[in-house]
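Below: the structure, in C-alpha coordinates.
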Amino acid sequence: MKKTANKVVLIGAGSVGTSFLYAAINQGIAEHYVLIDAFPQPAEGNALDLSDTLAVIPHSFTSIKAGSYEDCKDADVVVITAGRPQKPGETRLEMVAGNAEIMKNIATEVKKSGFDGITVIASNPVDVITHVYQKVTGFDPHKVIGSGTTLDSARLRRLVGQKLNVKPESVQAYVAGEHGDSSVAIWSQANIMGRPILDYVKCGCLTLEDLDQIQKDTVDMAYKIINLKRATFYGIGACLTKIVNAVLRDEKSTLMVGAQLNGEYKNKDLYTGVPAIIGSNGWERIIEWDLTKEEQEKFDKSCETLHKTIDSVKHLFE
(Lines of atoms letter the chains of each structure in order from A; the text may use other names.)
(Lines give C-alpha, C1' and ligand atoms only; values in the text may rest on other atoms or scores of the structure.)
Protein backbone atom coordinates (compact mmCIF):
# COMPACT_ATOMS: atom_id res chain seq x y z
CA MET A 1 0.00 0.00 0.00
CA LYS A 2 1.36 3.41 -0.93
CA LYS A 3 2.31 5.63 1.97
CA THR A 4 0.73 9.06 2.04
CA ALA A 5 2.63 10.60 4.97
CA ASN A 6 6.30 11.03 5.76
CA LYS A 7 7.81 9.36 8.81
CA VAL A 8 11.09 10.42 10.42
CA VAL A 9 12.83 8.41 13.12
CA LEU A 10 15.38 10.14 15.34
CA ILE A 11 18.04 8.03 17.07
CA GLY A 12 19.59 10.03 19.88
CA ALA A 13 17.12 12.26 21.69
CA GLY A 14 19.65 14.60 23.27
CA SER A 15 20.24 18.30 22.63
CA VAL A 16 21.19 17.96 18.95
CA GLY A 17 18.37 15.54 18.17
CA THR A 18 15.66 17.52 19.91
CA SER A 19 16.91 20.78 18.37
CA PHE A 20 16.50 19.12 14.97
CA LEU A 21 13.02 17.92 15.90
CA TYR A 22 11.90 21.34 17.10
CA ALA A 23 13.16 22.98 13.90
CA ALA A 24 11.54 20.25 11.78
CA ILE A 25 8.22 20.63 13.58
CA ASN A 26 8.26 24.39 13.12
CA GLN A 27 8.85 23.93 9.39
CA GLY A 28 6.30 21.13 9.08
CA ILE A 29 8.57 18.82 7.12
CA ALA A 30 7.01 15.47 8.18
CA GLU A 31 3.81 13.98 9.54
CA HIS A 32 5.11 11.39 11.98
CA TYR A 33 8.13 11.41 14.30
CA VAL A 34 9.59 8.67 16.50
CA LEU A 35 12.32 9.18 19.11
CA ILE A 36 14.71 6.36 20.01
CA ASP A 37 17.29 6.69 22.76
CA ALA A 38 19.42 4.49 24.99
CA PHE A 39 17.61 6.17 27.87
CA PRO A 40 13.87 5.66 27.18
CA GLN A 41 12.51 8.03 29.81
CA PRO A 42 14.06 11.25 28.41
CA ALA A 43 12.95 10.17 24.93
CA GLU A 44 9.39 9.75 26.14
CA GLY A 45 9.56 13.04 28.02
CA ASN A 46 10.80 14.90 24.94
CA ALA A 47 8.07 13.31 22.83
CA LEU A 48 5.42 14.48 25.28
CA ASP A 49 6.96 17.94 25.55
CA LEU A 50 7.13 18.36 21.78
CA SER A 51 3.59 17.03 21.35
CA ASP A 52 2.35 20.08 23.27
CA THR A 53 3.35 22.23 20.30
CA LEU A 54 0.49 20.70 18.28
CA ALA A 55 -1.92 23.19 19.82
CA VAL A 56 0.38 26.13 19.05
CA ILE A 57 1.87 25.15 15.69
CA PRO A 58 -1.15 23.70 13.83
CA HIS A 59 -0.68 21.40 10.85
CA SER A 60 2.99 20.91 11.76
CA PHE A 61 2.74 17.14 12.34
CA THR A 62 0.27 14.38 13.20
CA SER A 63 2.06 12.25 15.78
CA ILE A 64 5.23 12.05 17.84
CA LYS A 65 6.21 9.26 20.21
CA ALA A 66 9.09 7.42 21.84
CA GLY A 67 9.67 4.10 20.14
CA SER A 68 12.11 1.32 19.29
CA TYR A 69 14.24 0.22 16.35
CA GLU A 70 11.24 -1.64 14.94
CA ASP A 71 9.82 1.78 14.07
CA CYS A 72 12.61 2.24 11.51
CA LYS A 73 11.13 -0.40 9.21
CA ASP A 74 8.65 1.90 7.46
CA ALA A 75 10.44 5.21 8.03
CA ASP A 76 11.33 7.48 5.14
CA VAL A 77 14.33 8.99 6.92
CA VAL A 78 16.35 7.94 9.95
CA VAL A 79 18.32 10.75 11.57
CA ILE A 80 21.16 9.71 13.89
CA THR A 81 22.59 12.13 16.44
CA ALA A 82 23.49 9.61 19.16
CA GLY A 83 26.92 9.59 20.71
CA ARG A 84 29.10 11.08 23.38
CA PRO A 85 29.22 14.89 23.24
CA GLN A 86 32.44 16.76 22.53
CA LYS A 87 34.33 17.96 25.61
CA PRO A 88 35.90 21.44 25.92
CA GLY A 89 39.25 21.44 24.09
CA GLU A 90 38.64 18.03 22.52
CA THR A 91 38.85 17.63 18.75
CA ARG A 92 36.09 15.74 16.97
CA LEU A 93 38.53 13.06 15.83
CA GLU A 94 39.49 12.34 19.45
CA MET A 95 35.92 11.15 20.03
CA VAL A 96 36.14 8.40 17.45
CA ALA A 97 36.71 5.20 19.46
CA GLY A 98 33.65 5.37 21.70
CA ASN A 99 31.28 6.84 19.14
CA ALA A 100 32.32 4.37 16.44
CA GLU A 101 31.37 1.51 18.79
CA ILE A 102 28.03 3.18 19.50
CA MET A 103 27.41 3.63 15.77
CA LYS A 104 28.23 0.00 15.02
CA ASN A 105 25.52 -1.08 17.46
CA ILE A 106 23.01 1.42 16.04
CA ALA A 107 23.79 0.39 12.46
CA THR A 108 23.25 -3.27 13.31
CA GLU A 109 19.83 -2.54 14.84
CA VAL A 110 18.71 -0.28 11.98
CA LYS A 111 19.65 -2.89 9.38
CA LYS A 112 17.90 -5.61 11.38
CA SER A 113 14.68 -3.56 11.34
CA GLY A 114 14.41 -3.82 7.55
CA PHE A 115 14.81 -0.08 7.03
CA ASP A 116 15.14 0.90 3.37
CA GLY A 117 15.04 4.69 3.45
CA ILE A 118 17.57 7.49 3.70
CA THR A 119 19.88 7.88 6.70
CA VAL A 120 21.18 11.29 7.77
CA ILE A 121 23.97 11.29 10.37
CA ALA A 122 25.36 14.07 12.57
CA SER A 123 27.19 12.05 15.25
CA ASN A 124 30.82 13.17 15.56
CA PRO A 125 33.36 12.75 14.13
CA VAL A 126 30.68 12.73 11.46
CA ASP A 127 32.79 11.87 8.39
CA VAL A 128 34.28 8.79 10.04
CA ILE A 129 31.07 7.77 11.83
CA THR A 130 29.08 7.98 8.59
CA HIS A 131 31.69 5.75 6.93
CA VAL A 132 31.37 3.21 9.78
CA TYR A 133 27.57 3.18 9.51
CA GLN A 134 27.61 2.59 5.75
CA LYS A 135 30.16 -0.20 6.03
CA VAL A 136 28.32 -1.98 8.86
CA THR A 137 24.89 -1.75 7.22
CA GLY A 138 26.04 -2.30 3.65
CA PHE A 139 23.42 0.24 2.56
CA ASP A 140 23.71 1.97 -0.81
CA PRO A 141 26.22 4.79 -0.15
CA HIS A 142 23.90 7.27 -1.88
CA LYS A 143 21.25 6.56 0.77
CA VAL A 144 23.62 7.40 3.63
CA ILE A 145 24.27 11.12 4.13
CA GLY A 146 26.56 12.79 6.64
CA SER A 147 25.88 16.33 7.81
CA GLY A 148 29.32 17.01 6.36
CA THR A 149 30.27 20.68 6.26
CA THR A 150 26.76 22.14 6.11
CA LEU A 151 27.27 23.76 9.51
CA ASP A 152 30.82 24.88 8.72
CA SER A 153 29.56 26.50 5.51
CA ALA A 154 26.72 28.21 7.38
CA ARG A 155 29.24 29.63 9.84
CA LEU A 156 31.48 30.81 7.02
CA ARG A 157 28.58 32.56 5.30
CA ARG A 158 27.58 34.27 8.53
CA LEU A 159 31.11 35.50 9.23
CA VAL A 160 31.60 36.79 5.68
CA GLY A 161 28.24 38.54 5.87
CA GLN A 162 29.15 40.18 9.16
CA LYS A 163 32.48 41.36 7.78
CA LEU A 164 30.91 42.93 4.68
CA ASN A 165 27.63 43.96 6.35
CA VAL A 166 25.41 41.89 4.05
CA LYS A 167 22.82 39.23 4.84
CA PRO A 168 24.36 35.75 5.17
CA GLU A 169 21.70 34.45 2.74
CA SER A 170 23.28 36.63 0.05
CA VAL A 171 26.66 34.99 0.60
CA GLN A 172 27.52 31.80 -1.25
CA ALA A 173 30.59 30.45 0.53
CA TYR A 174 31.56 26.87 1.19
CA VAL A 175 33.70 24.72 3.44
CA ALA A 176 34.77 21.27 2.20
CA GLY A 177 36.60 18.29 3.67
CA GLU A 178 36.51 17.19 7.29
CA HIS A 179 33.90 18.63 9.62
CA GLY A 180 36.73 19.65 11.90
CA ASP A 181 40.17 21.18 12.14
CA SER A 182 41.38 20.24 8.63
CA SER A 183 38.36 21.69 6.82
CA VAL A 184 38.98 23.89 3.78
CA ALA A 185 37.28 27.16 2.85
CA ILE A 186 36.80 27.08 -0.93
CA TRP A 187 37.27 30.79 -1.63
CA SER A 188 37.61 30.23 -5.39
CA GLN A 189 33.89 29.34 -5.49
CA ALA A 190 32.65 31.97 -3.02
CA ASN A 191 30.54 34.90 -4.18
CA ILE A 192 28.04 37.49 -3.05
CA MET A 193 25.06 37.61 -5.40
CA GLY A 194 27.28 36.40 -8.22
CA ARG A 195 30.27 38.65 -7.58
CA PRO A 196 33.34 36.56 -6.67
CA ILE A 197 34.57 37.07 -3.13
CA LEU A 198 38.09 37.60 -4.45
CA ASP A 199 36.83 40.71 -6.27
CA TYR A 200 36.23 42.21 -2.84
CA VAL A 201 39.91 41.63 -2.12
CA LYS A 202 40.91 43.33 -5.36
CA CYS A 203 38.82 46.41 -4.55
CA GLY A 204 40.12 46.65 -0.99
CA CYS A 205 36.89 45.70 0.80
CA LEU A 206 38.61 42.59 2.15
CA THR A 207 42.19 41.43 2.55
CA LEU A 208 43.65 37.96 2.22
CA GLU A 209 44.37 38.21 5.95
CA ASP A 210 40.64 38.79 6.51
CA LEU A 211 39.84 35.59 4.63
CA ASP A 212 42.41 33.64 6.65
CA GLN A 213 40.94 34.97 9.89
CA ILE A 214 37.39 34.15 8.80
CA GLN A 215 38.42 30.58 8.01
CA LYS A 216 40.18 30.28 11.38
CA ASP A 217 37.14 31.68 13.19
CA THR A 218 34.94 29.19 11.33
CA VAL A 219 37.06 26.27 12.53
CA ASP A 220 37.27 27.64 16.07
CA MET A 221 33.55 28.43 16.41
CA ALA A 222 32.61 25.02 17.79
CA TYR A 223 35.34 25.20 20.44
CA LYS A 224 34.20 28.68 21.43
CA ILE A 225 30.57 27.62 21.80
CA ILE A 226 31.47 24.44 23.71
CA ASN A 227 33.65 26.41 26.13
CA LEU A 228 30.77 28.82 26.73
CA LYS A 229 27.81 26.41 26.97
CA ARG A 230 29.26 22.87 26.77
CA ALA A 231 27.64 21.90 23.46
CA THR A 232 26.49 23.08 20.05
CA PHE A 233 23.03 22.06 18.88
CA TYR A 234 20.84 24.81 17.39
CA GLY A 235 22.99 25.33 14.29
CA ILE A 236 23.39 21.65 13.49
CA GLY A 237 19.70 21.09 14.26
CA ALA A 238 18.79 23.64 11.59
CA CYS A 239 21.24 22.08 9.12
CA LEU A 240 19.78 18.61 9.66
CA THR A 241 16.31 20.02 9.04
CA LYS A 242 17.50 21.48 5.74
CA ILE A 243 18.98 18.16 4.62
CA VAL A 244 15.97 16.05 5.65
CA ASN A 245 13.56 18.50 4.05
CA ALA A 246 15.54 18.29 0.79
CA VAL A 247 15.15 14.49 0.89
CA LEU A 248 11.44 14.44 1.75
CA ARG A 249 10.57 17.14 -0.79
CA ASP A 250 12.89 15.74 -3.47
CA GLU A 251 14.28 19.27 -3.78
CA LYS A 252 17.42 18.49 -5.81
CA SER A 253 19.15 21.09 -3.63
CA THR A 254 22.94 21.32 -3.67
CA LEU A 255 24.23 21.12 -0.09
CA MET A 256 27.66 20.62 1.50
CA VAL A 257 26.93 17.17 2.88
CA GLY A 258 29.04 14.17 3.73
CA ALA A 259 29.01 12.02 0.58
CA GLN A 260 31.17 9.05 -0.33
CA LEU A 261 34.00 9.90 -2.71
CA ASN A 262 34.85 7.43 -5.46
CA GLY A 263 37.47 9.40 -7.35
CA GLU A 264 35.76 12.79 -7.16
CA TYR A 265 38.18 15.51 -6.12
CA LYS A 266 40.98 12.96 -6.61
CA ASN A 267 40.04 11.03 -3.47
CA LYS A 268 38.09 7.87 -2.70
CA ASP A 269 36.87 5.41 -0.06
CA LEU A 270 35.67 7.95 2.50
CA TYR A 271 32.82 10.27 3.37
CA THR A 272 33.60 13.97 3.60
CA GLY A 273 32.03 17.37 3.00
CA VAL A 274 31.46 18.11 -0.69
CA PRO A 275 28.71 19.77 -2.74
CA ALA A 276 26.08 17.18 -3.65
CA ILE A 277 22.56 17.21 -5.07
CA ILE A 278 20.08 16.03 -2.43
CA GLY A 279 16.72 14.49 -3.29
CA SER A 280 14.47 11.56 -2.48
CA ASN A 281 17.20 9.09 -3.45
CA GLY A 282 19.70 10.60 -1.01
CA TRP A 283 22.79 12.33 -2.31
CA GLU A 284 22.29 11.84 -6.01
CA ARG A 285 25.41 13.37 -7.54
CA ILE A 286 28.56 15.12 -6.37
CA ILE A 287 29.28 18.47 -8.00
CA GLU A 288 32.97 18.78 -8.88
CA TRP A 289 34.47 22.26 -8.76
CA ASP A 290 37.79 23.27 -10.29
CA LEU A 291 39.78 23.84 -7.12
CA THR A 292 42.92 25.93 -7.02
CA LYS A 293 46.18 24.07 -6.45
CA GLU A 294 46.28 25.26 -2.82
CA GLU A 295 42.66 24.23 -2.20
CA GLN A 296 43.24 20.78 -3.70
CA GLU A 297 46.34 20.27 -1.57
CA LYS A 298 44.46 21.24 1.59
CA PHE A 299 41.53 19.01 0.62
CA ASP A 300 43.89 16.08 0.00
CA LYS A 301 45.47 16.64 3.41
CA SER A 302 42.03 16.71 5.04
CA CYS A 303 41.13 13.41 3.37
CA GLU A 304 44.45 11.92 4.47
CA THR A 305 43.65 12.89 8.06
CA LEU A 306 40.26 11.18 7.79
CA HIS A 307 41.75 8.03 6.26
CA LYS A 308 44.14 7.69 9.20
CA THR A 309 41.23 7.94 11.62
CA ILE A 310 39.16 5.46 9.61
CA ASP A 311 42.08 3.01 9.79
CA SER A 312 41.89 3.15 13.60
CA VAL A 313 38.31 1.79 13.60
CA LYS A 314 38.42 -0.58 10.61
CA HIS A 315 38.23 -3.57 12.95
CA LEU A 316 34.59 -2.64 13.56
CA PHE A 317 33.48 -3.36 10.00
CA GLU A 318 36.07 -5.58 8.32
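Backbone N, Cα and C define each Cβ position, glycine as well.
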Annotated companion of Q86, R92, N124, P125, V126, D127, D152, S153, A154, R155 at the substrate site, Swiss-Prot, chosen from T18, T232, T241, T254: T232
Taking residues Q86, R92, N124, P125, V126, D127, D152, S153, A154, R155, T232, which bind substrate in the record, the widest Cα spacing (Å, whole number): 20
Those recorded positions of Q86, N124, S147, H179 having Cα within 10 angstroms of Y223 (phosphotyrosine): Q86
From binding-site residues D37, Y69, S147, the one whose Cα lies nearest V126 (substrate binding site): S147
Spatial separation of Q86 (substrate binding site) from A122 (NAD(+) binding site) - C-alpha basis, Å: 13
